[in-house]
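Working notes, beginning with the structure itself.
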Amino acid sequence: MESMGSDISLAAELLSEGKAVAIPTETVYGLAANALDAKAVAQIFELKKRPAFDPLIIHLASADHLGDYVKDTGPYFDALYQAFSPGPLTYVFPKQDIIPDIVTAGHPTVAVRFPAHPLCQSLLQKLDFPLAAPSANLFGRVSPTQANHVAGQFGDSLAYILDGGSAQVGLESTIIDLSQDEPIVLRLGGLSLEAIEEVLDRKVPYTRSSSSNPKAPGMLSAHYSPGIPLTHGNLDLNLNKVDRKRCGSISFCKKISGIPDQNQRILSPTGDLKEAASKLFAAMRSFDKNEVDVILAEEFPNEGLGRAINDRLRRASVA
Ligand code: TXA
Ligand code: MG
């Protein structure tokens, strides 16, 4: 059997049989299984080596059948859905009993996203169940933005990798908790906090550790490890502490003097944070261990998607 390709019918068939399939989304690739089938979902945790206390996001084509899976969407959902879905925004709601505990790690809430990627949309429209899918990387590693990143980590252990090209957003979704009285952003991601605040016409707090989900590793410090030590912060200061010839760099738009050209990743020469976000994860995994002892990543502007980029780089630097 072909293990990678763009055959949506095959992907749908395998998922219906309870198998795990890698799927493209506009944020990052996901490792998907039938969210209503606890056994199918258990494979995801096994394959990823993911601890069972880290809950998964479920994916739906649209909100048409949302009421089957969540109890109450609250007063803020409609405006956000209208403005941003399908797209890189995940909502946390009180769950219905039909969602197995393994999906939510025993929490009474479930995270739901409506992905915009056309292949993923077509796939979800063919299915009569939601897909539970974390990012398709081994636990603690950089999320995949291309099908070959997934193949590199999982090889033959997946039934199929649905190849949808390079992820356009390139950062995981922004997560907003709508299960409490007031909306709270739990993870910065592919949709900026400012855009959410504009639509809701109010300030929305961002807190990494929420009472509903105190242990989520996606929100803990050491995560997103690129496999080579990474230092995040003021480049000019950090450059003085290293051998530049054995150094890699991740910068927003400028070239870094003294670092070999082939070890430099300039994410957007025109200074576009959207472009930088889409290239970040591929850049983090692109360095050669034989040439580079340390990666220096600069502090990006702390606004819009720059905040999510800094968040990922800061966590990668703790590992
Ligand atoms: O863009 C994305 O969100 C990608 C694509 C594949 O959709 N998925 C993704 O999944 O990033 P994952 O598993 O790597 O991150 C999911 C995050 C975790 O940090 C988890 O703690 C949080 O979502 N989460 C899931 N269910 C939750 C809940 N009920 N309450 C709070 N946080 C939750
Ligand atoms: Mg992840």
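First residue shown is number 1, and so on along the chain.
Glycine residues also receive a Cβ, built from the backbone N, Cα and C atoms like all the rest.
Listed in sequence order, Thr27, Ile57, Pro88, Leu89, Thr90, Arg113, Arg187, Gly189, Gly190, Leu191 are the same-chain residues at least 6 apart in sequence whose CB falls under 8 Å from the CB of Ser173 (L-threonine binding site). Residues or ranges marked as L-threonine binding site by TrEMBL: Thr27, Arg113, Ala133, Ser173.
In the three-state DSSP scheme, His59 (ATP binding site) falls into the strand class. Residues or ranges marked as ATP binding site in TrEMBL: Arg50, His59, Thr109, Ser135, Ser143, Arg187, Tyr224.
Taken from TrEMBL, the feature domain 'YrdC-like' applies to 5-191.
In this structure the C-alpha atoms belonging to Ala133 (L-threonine binding site) and His59 (ATP binding site) are separated by 7 Å. For the binding-site residues Arg50, Arg187, the ranking by surrounding Cβ atoms (within 10 Å, all protein chains) places Arg187 first. Less than 6 Å separates the Cβ from ligand 2 in the case of Ser135, drawn from the binding-site residues Thr27, His59, Arg113, Ser135, Ser173, Arg187 in sequence order. In the vicinity of ligand 1, defined as a Cβ distance under 6 Å, the following of the binding-site residues Arg50, Ser173, Tyr224 are placed: Ser173.
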